[in-house]
Amino acid sequence: MVFKKTQPSPSLKNPERIQSFKKLSKKIGIKFSKIEYYNTAFIHSSYKNENPEILEDNERLEFLGDSVLGLVAARSLFQKYPKASEGELSRIKSKIVSTPILNSIAEKLNLGEYLLLGKGEKNSQGKGRRKIAANLFESLVGAIYLDRGFEVAEKFIVQHLLEFAENPDMEESVRDYKTQLQEYSQKHFKTLPVYRMKGESGPDHSKTFQVSVRIRDQWEASGYGASKKIAEQNAAKELYIRIRRGF
């Protein structure tokens, strides 16, 4: 992502700065009533730290935008997948509001063009650069919410974010393989699958669990995940697919 070079001042008295927001307003199809919200949304904390006259950066708007984003995503997925469990909805939500996807949207909208970034931070690469872009999308959502209200912010989010929910990989995330395996096992083997914890690894804040699932002594598979439930789902998926393929 290409970020705009640091300007001497983010003052809205700067004609170039005002013109840039008119350009952004036209690009995203939202009329800005209070440009100061958007000005703040595009001031990174590193720029504020290097310019004492700047009173506020975009971190508070980022916090607000993250909450609005989460609500819109949760409500939309709740309506889209009426049979999905809480765990399944959480998994797909975490994917569509993840840093890589938010970064992709920021890239698509070229939000870095409007960002005031400190000299030191401009040299960041890789994950640091992607995180800045993702946070920028959240701060823009926060500004839209304050300026135009929830409905406009929701429309903007749905337009640019929830298209990712239509991705086949997302559809796959909400398939309940435990239920499918259980129903198949009862019908064809007259018994229920048996799950067992095989182990866990990693630090307390980032554990990986291993679970095995067996049907009689005939079929067995293992799965891994950040929680026991996810590991069970992955094990069930592995065994279900294996059984259906006949090996």
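Including glycine, each Cβ sits where the backbone N, Cα and C put it.
As given in Swiss-Prot:
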type: DOMAIN; residues: 21-149; note: domain 'RNase III'
type: BINDING; residues: Glu62, Asn135, Glu138; note: Mg(2+) binding site
type: ACT_SITE; residues: Asp66; note: active site
type: ACT_SITE; residues: Glu138; note: active site
type: DOMAIN; residues: 176-245; note: domain 'DRBM'
Provide the three-state DSSP residue tally for the domain 'RNase III' (21-149): helix first, then strand, then coil.
95 helix, 2 strand, 32 coil
In the chain carrying Asp66 (active site), residues 6 or more apart in sequence that have Cβ under 8 angstroms from it
Glu138, Val141, Gly142
The most crowded of the binding-site residues Glu62, Glu138, judged by neighbouring Cβ atoms within 10 Å of its own Cβ, is Glu138
Once the chains shown are all counted, how many other Cβ atoms turn up within 10 Å of the Cβ of Asn135 (Mg(2+) binding site)?
23
Around the Mg(2+) site recorded as Glu62, Asn135, Glu138, what other same-chain residues have a C-beta within 8 angstroms of the site's C-beta center?
Asn58, Glu59, Leu61, Phe63, Gly65, Asp66, Ala134, Leu136, Phe137, Ser139, Gly142
Which value does the mean pLDDT take for the domain 'DRBM' (176-245) in this predicted structure?
90
